[in-house]
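Here is the structure we will look at, set down as structure tokens.
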Amino acid sequence: MSTLQITGGQVLTPELTVRTADVLADSETGEILAVGDTAAGDRTLDAEGCLVVPGLVNTHCHAAMTLLRGYADDKPLDRWLQEDIWPVEAELTPEDIRAGTRLGLVELLKNGVTAVGDMYFEVPEVAAAVEEAGIRARLGHGIVTVGKDEADARADFEEGLAVARELDGAADGRVRTALMPHSLTTADPDLIAEFVPRARDAGVPIHYHANETTDEVDPIVDERGVRPLEFADELGLLDEGDFIAHGVHVDETEIELLAERGVGVAHCPASNMKLASGIAPVQEFLDAGVTVGIGTDGPASNNDLDVVDEMRDAAMVGKLGADDAAAVAAPDIVNAATAGGAETLGFDAGRVEAGALADLAIVDLDAPHLTPSHDLVSHLAYAVRGSDVRHTVVGGEVIVEDREVRTLDAGAVKREAERHAAELVSRAEGD
């Protein structure tokens with residue numbers, strides 16, 4: 001057994017209280033062994049002046065879209081996708097996707113993210129980047145059948161199911177998978193209905209965009225005579241362990257369906273604001289017992305992957321949407337970014353206690369914007385920045401130490417991504 005002892009810090013407990021304690025983790029099993037007065041570890045990690053919190057979880061992301069950061073802005077979702085994003089994505093190579101994913105993972109890890117839900121293409125390349133970086137992930141192939149004939153549409157679903165089967169459990173269990181049809185309006189419903197039972201047989205959950213904009217909701221209501229999540233239920237898409245992204249335009253019946261079925265929501269406030277998609281009813285989700293996680297969405301619609309910043313956005317816009325300053329309170333948001341996100345992605349993490357996965361972020365409290373320290377839970381929700389994360393630990397392994405990623409050469413990753421981004425845009429624009 002090889003152990004890591006995190007010493008000298010304060011610890012955020014599962015009850016969201018703070019106490020001074022050491023944390024001992026088993027780097028071989030990847031679990032926390034003890035919190036408190038622990039035995040000495042084989043190696044130590046200094047947390048003096050820091051708060052040890054559960055690793056943050058980004059429940060919905062398209063990490064490789066770092067290559068398109070700043071490429072197309074200030075448009076509503078449908079125009080943004082059809083005029084800008086989909087045409088350039090048609091030119092993506094597997095090498096582009098790996099380079100963009102590696103850049104995204106460096107950004108995530110430096111901001112204290114230990115697990116990510118990622119929907120994109122060329123999933124073996126994404127999984128390889130995940131294995132190299134040392135992060136944890138729930139991955140899937142984004143299935144889009146718009147504009148494809150029946151054979152190509154079916155092939156896209158077959159690819160989505162195949163990679164879910166083949167890659168589940170990769171990277172020593174850090175990679176888990178899901179079947180990921182893009183949405184109810186971009187993936188053929190008949191094929192969804194056909195492939196859902198096959199995904200269930202394979203033991204993988206299902207993740208998709210749902211109720212993101214009124215342009216998505218209204219056609220389903222008009223054509224099907226039911227709300228989108230009622231239609232999703234008819235297709236078999238609402239089962240325990242499944243999770244949706246966005247859930248902006250939902251009614252009470254749909255919220256009740258999510259709660260009854262045990263389906264989580266990846267709440268992406270910054271992307272929803274930037275694309276003017278709307279404000280998700282987060283307090284209503286919480287009141288109904290729906291598990292809520294925090295997501296950044298892709299870095300082309302955010303435009304960063306900072307879950308710390310996303311917590312603040314979620315709290316602020318949640319209060320605005322509810323017209324209630326007490327709504328979406330700091331403890332709710334901290335829980336969503338940690339335990340709620342871990343539950344949404346299906347990882348036994350999100351809490352600093354014995355038996356949980358040793359996925360941790362160590363936040364440096366020595367900053368003017370974190371002084372004084374009346375309430376550290378409040379600080380996590382409203383004042384902490386991603387750059388305040390000093391160390392990131394995944395499965396008892398130190399991945400970021402003193403703000404430097406140990407598993408990837410960040411400088412080389414940035415240079416490689418810059419080159420791939422330039423070449424991608426040049427191909428797409430015919431230069």
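Cβ coordinates come from backbone N, Cα and C, glycine included.
Features of the protein shown, as given by Swiss-Prot:
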BINDING   His60, His62, His209, Asp297  Zn(2+) binding site
BINDING   Glu89, His182, Glu212, Asp297  substrate binding site
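Between the binding-site residues His60, His62, His182, His209, the minimum number of other C-beta atoms within 10 Å of a residue's C-beta occurs at His182. Most Cβ neighbours within 10 Å, among the binding-site residues Glu89, Glu212, Asp297: Asp297 holds that distinction in the structure as shown. Sequence-ordered, the extra residues of this chain that approach the Zn(2+) site, with Cβ no more than 8 Å from the Cβ center of His60, His62, His209, Asp297, are Cys61, Met119, Ala245, His246, Ala266, Cys268, Ser271, Gly295, Gly298. The two recorded residues, His182 (substrate binding site) and His209 (Zn(2+) binding site), have Cα atoms 6 Å apart. Residues Glu89, His182, Glu212, Asp297, recorded as binding substrate, reach a greatest CA to CA spacing of 21 Å.
Across the structure, Glu89 (substrate binding site) and His62 (Zn(2+) binding site) place their CA atoms 12 angstrom apart.
Distance between Cα atoms for His62 (Zn(2+) binding site) and Glu212 (substrate binding site): 16 Å, as a whole number. Cα of Glu212 (substrate binding site) to Cα of Asp297 (Zn(2+) binding site): a distance of 12 Å.
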